[in-house]
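*Asks:* Let me give you the structure first, and then I'll get to my questions.
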Amino acid sequence: MASQGDVVVANGEFKQYEGHTTVYVVLACFLASFSGLMFGYDVGITDDYFSQLTHMFGKGNLYCQYNNQQLQAYISSLYLVGFASTLVAAPITRLYGRKTSILIAGISFLIGVVLKTSAQNLAMLVLGRVLYGWGLGFSNQAAPLYISEVAPFKWRGRLTYLFQLSLSIGAFCATMINYGTSRLVPNGWRISLGLAGIPAIIITISGIILSDTPNNLVHRGKQEAGRKVLEKMRGITNVDIEFEDILIASNQRSARGSNSFKNVWKGKSRPPLIVSCIFQIFNQFTGINDLTLYSPVLFSTLGFKSGGALFTATVLTGLSIFSVLVGLSLIDKVGRKALLIEGNVQMFLSTVAIAIILRYGLQDEVRLSHSLAIILVVFICLFVMGWAWSWGPCEWLIPSEIFPLETRSAGLSIGVSVNFLFCFVIIESFLTMLCSLKWGLFLFFAVWNFFMPFFVFLYVPETKGVPIEEMELVWRRHWFWKRFMPVDNYIDNFPEKP
């Protein structure tokens, strides 16, 4: 075994760390993943209330009856706030710890929930939503990063999938709660909003009781504390090899300076930054946010009554939970790329089928027949399942694991901010595009899903089973990205794994 430069390798292969997947680390990842539940709960709550509001304003032909710019702006505004707060979260996460950002997120959620639940006017509702979005920016940046750093590398995929699982559970719970509270007039909506306080409290407590990651503790000069946490998380005292990797990564960061936002645009951080940003953009153009956020409205357009539309949306969120569990069981076995490519093929075929059914079955004033509507729902379910076991969880997993320690917080922050920005663009424009393009909107998404597998196959490196502090070796061996990596003769001369 030899050690030099940025990574430690043995016979040209990735090292095997000692240790176990302890109850402590699983519990820590579970608590951190609750941030995803808040995101999913907001999506689920928004689904139903948007559906109710659009029925009040519905007009025109079937494709355009819900086209309302004010409603779109209210929904999408959350993501603009998240875009800004994610960038603010990066230096806080790096300088004060991952758990500090999770704590800030929890406090923001709590205040936002109180404001929205007790709102007496529109200003209180908007302010509560702004604080909610502010918390999402911090939690979506810090929680996946926390999980990726504390998880044993052989389980990193499965444990990071917990974030998406929590998101799906949050959306499912919100849909069920909305169904129950919709009959409680006039304050049922306050109950729906107020119940978000439960996960908000759990997130806040998590931000207090969780240990920070060993990587970040060492990064901040707390080496002894970092080693103790690492020993506790791995369940052994012999963590020398893994701890040495963390020290090397931290020393490299110190040698290059502390301006992570400046460093992330150059050197060995540039390839993962490019891949992370493109990955987040592509994920939004799968069409998933439009199909999930507007699903009750879409099903109403297709001819389902309000109760049936809500029931179908509930089925979608339930299938999402099941599909994430399927992906969780496979991600560290078959790898990231195989699931992503399969998911894209499934989404491509589904969106083409949806477009064909709408083209020949839905006219401006004539709704779908019952049989065609059922077939359409089946393809929408297949689309959601394909996304939920591939691109959905991987949008948090891959950007959180591919950056070097020195720029990990900044890199993930930029990636998540791009996610929020394009989420805003897609949500803001969906109803207008549906009115203009009609069935062609789903062909638009199909084209994107057709090209995405080529990007994954050619430019996304496989990270299954790679220790997070040895990820640089993956980029140096990649057929395309290796030409952009700074020269390091020691690492570059190691032979490929047979």
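Just so you know, the numbers here start at 1 and follow the chain as drawn.
Glycine is no exception: its Cβ is also placed from the backbone N, Cα and C atoms.
As annotated in TrEMBL:
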type: DOMAIN; residues: 28-464; note: domain 'Major facilitator superfamily (MFS) profile'
type: TRANSMEM; residues: 21-41; note: transmembrane segment
type: TRANSMEM; residues: 71-90; note: transmembrane segment
type: TRANSMEM; residues: 102-119; note: transmembrane segment
type: TRANSMEM; residues: 159-179; note: transmembrane segment
type: TRANSMEM; residues: 191-210; note: transmembrane segment
type: TRANSMEM; residues: 309-331; note: transmembrane segment
type: TRANSMEM; residues: 343-360; note: transmembrane segment
type: TRANSMEM; residues: 372-390; note: transmembrane segment
type: TRANSMEM; residues: 410-427; note: transmembrane segment
type: TRANSMEM; residues: 439-460; note: transmembrane segment
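What does the local environment look like for each feature on the list?
*Replies:* Sequence-distant contacts of the transmembrane segment (21-41) (same chain, at least 6 residues past either end, Cβ-Cβ under 8 Å): 102, 105, 109, 132, 135-136, 139-140, 142-143, 146-147, 150-152, 154-155, 159-160, 162-174, 196, 199-200, 202-203, 206, 209-211, 232-235, 396.
Note on the transmembrane segment (159-179): residues 25-26, 29-30, 32-45, 47-49, 143-144, 147-148, 151, 191-192, 195, 199, 292, 310, 313-314, 317-318, 320-321, 324-325, 327-328, 331, 388, 392-393, 396-397, 400-401 of its chain, located 6 or more positions outside it, place their CB under 8 angstroms from a CB of the stretch.
Long-range contacts of the transmembrane segment (191-210) within its own chain (CB-CB distance under 8 A, at least 6 residues past either end) are made by residues 28, 31-32, 34-35, 37-38, 41-42, 45, 99-107, 109-110, 113-114, 116-117, 139, 146, 170, 174, 177-178, 181, 184.
Packing against the transmembrane segment (309-331) from elsewhere in the chain are residues 44, 47-48, 51, 157-158, 161-162, 164-165, 168-169, 171-172, 175-176, 178-179, 292, 295-297, 299-300, 339, 377, 380-381, 384-390, 392-394, 397, 464: each is 6 or more residues past its ends and has a CB under 8 Å from a CB in it.
Panel annotation: around the transmembrane segment (410-427), residues 72, 75-76, 79-80, 82-84, 86-87, 89-91, 93-94, 137, 140-141, 144-145, 260-261, 263-264, 269, 272-273, 276-277, 279-281, 283-285, 289-290, 293, 395, 399-400, 402-403 of the same chain, lying at least six beyond its termini, place a Cβ under 8 Å from a Cβ of the stretch.
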*Asks:* For the domain 'Major facilitator superfamily (MFS) profile' (28-464), report the average pLDDT of the model, please.
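*Replies:* Mean pLDDT for the domain 'Major facilitator superfamily (MFS) profile' (28-464): 87.
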